[in-house]
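I have placed the structure first, in the form of structure tokens, so that the comments after it can refer back to it.
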Amino acid sequence: QDLPGNDDSTATLCLGHHAVTNGTIVKTITDDQIEVTNATELVQSSSTGKICNNPHRILDGRDCTLIDALLGDPHCDVFQDETWDLFVERSNAYSNCYPYDVPDYASLRSLVASSGTLEFITEGFTWTGVTQNGGSNACKRGPANGFFSRLNWLTKSGSTYPVLNVTMPNNDNFDKLYIWGIHHPSTSQEQTTLYVQASGRVIVSTRRSQQTIISNIGSRPWVRGQSGRISIYWTIVKSGDVLVINSNGNLIAPRGYFKMRTGKSSIMRSDAPIDTCISECITPNGSIPNDKPFQNVNKITYGACPKYVKQNTLKLATGMRNVPEKQTRGLFGAIAGFIENGWEGMIDVWYGFRHQNSEGTGQAADLKSTQAAIDQINGKLNRVIEKTNEKFHQIEKEFSEVEGRIQDLEKYVEDTKIDLWSYNADVLVALENQHTIDLTDSEMNKLFEKTRRQLRENAEDMGNGCFKIYHKCDNTCIESIRNGTYDHDVYRDEALNNRFQIKGVELKSGYKDWILWISFAISCFLLCVVLLGFIMWACQRGNIRCNICI
């Protein structure tokens, strides 16, 4: 399609930007729906379905809970002295020893999980006047009755159970975790049969704390043939402190201590299989990539993970505003320039030129403007990831029934944090998208102004992103405009001459209407003047008589 007013003595140069047939809708601060040429999804919404064992050291709990492994349940002996970054508890885990409860289960579980080890050191406790190593048919170790391997069930010796008073100092330079307990028989007869006294008491103290527990005799629901229970407690003995155990019966004594370590180990409930693969971020659903700043797979995470948000999708604009090319314009399509629409078919570039001159038509990219825009946009995704990825884990929170109000408060706090981060994510992405679109528009305007300053009076802005050049401009001339070496003085005289010649015969449509109306008005006025003059002349000659009647 020939451009208006184009001949061998003139040329047309249009500036335009990249466009695609089907763009991507993104959100900005000023517009909820704006189309761009390209965008990147920021929300990871699916997992691999498996837990990767690298770079984190994963310990599969299989059919054991962490607490059962800690106590030494016979079917969990394989976990003795194990270490982990993440302990994975399965839904099919079960206890297979004497029924027990842990009054502060969640705290103990979290404490041991964060320590990342079940390293156990046996100590030489002296229990005089009692029978050690009690067992139960509810806790078989092989064919024989057994018990938790990390605990020592003490019962009467003969017909006596003396008051026990044992001291164990911590002379090491690390903290020690002692696990102990108290037995609650189901009947008074069982109480006296095992411990002689009608009621037992256990006191465990350090310089910093003291716990006093009294046995609670009574029948409970039968579990593995037992209606009695054991309550498990724990005490941390700091370096330089002393552990003191005093009891007159019902004591489930420690055999040693667990070495406490500080670290970023954790625990997670999941039934996802463990596989040989690499992933920094783990959720109960499986590992997920952390190349996006946000995820909505699961609130519970371990490792360097995207921030959890409620949104299913958030798109970051990585391209410019998209204005699809009008396909009805023929060969040149969007020759009108960037003000009307974009240009499709531009490969690997964002900005460019199209021209028509005596040598034909052509198109070329402006790599400098393209690179300037790309350089500023490329780092956006990494910057958003740096702002949002958590370098720590979000663990499960558990509370006992008596801590219901605390649990409600914790849930409220977590939900509020998620709401806040979801809102922050929306605003952050909208701001970045607004900046991207403003940036790419600015680069287009810079290129247009640069071209205008070069051409000066040698060309006319056609108002649609194009310039009409009023001198012969071959391909070499066009190239000089594109690369910034154009010398307008060389063509100045020719351009002025051609401009006057063309303006003499070619009027802009905006002025043509005015001139037509003015010409029509003048013609009507002259016609009226001539007609009035003829009437007056005829009246003077007597050829026309005018009678006025009242």
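Our numbering is plain: 1 for the first residue shown, then up by one each step along the chain.
Glycine residues also receive a Cβ, built from the backbone N, Cα and C atoms like all the rest.
Source: prediction; values computed, not measured.
Database features (Swiss-Prot):
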type	residues	note
CARBOHYD	Asn22	N-linked glycosylation site
CARBOHYD	Asn38	N-linked glycosylation site
CARBOHYD	Asn165	N-linked glycosylation site
CARBOHYD	Asn285	N-linked glycosylation site
CARBOHYD	Asn483	N-linked glycosylation site
LIPID	Cys539	S-palmitoyl cysteine
LIPID	Cys546	S-palmitoyl cysteine
LIPID	Cys549	S-palmitoyl cysteine
TOPO_DOM	1-514	topological domain 'Extracellular'
TOPO_DOM	536-550	topological domain 'Cytoplasmic'
Collapsed DSSP category at Asn483 (N-linked glycosylation site): helix
Densest Cβ neighbourhood among Asn22, Asn38 (glycosylation sites), 10 Å radius: Asn38
Where Asn165 (N-linked glycosylation site) sits in the secondary structure, as DSSP reduces it to three classes: strand
Cα-to-Cα gap, Asn285 (N-linked glycosylation site) vs Asn22 (N-linked glycosylation site), nearest whole Å: 34
PLDDT averaged over every residue in the topological domain 'Cytoplasmic' (536-550): 66
Listed glycosylation sites (Asn165, Asn285, Asn483), ranked by Cβ neighbours within 10 Å, top entry: Asn285
Between Asn483 (N-linked glycosylation site) and Asn165 (N-linked glycosylation site), the C-alpha gap once rounded to whole angstrom: 94
Asn22 (N-linked glycosylation site) and Asn38 (N-linked glycosylation site), Cα-Cα, nearest whole angstrom: 10
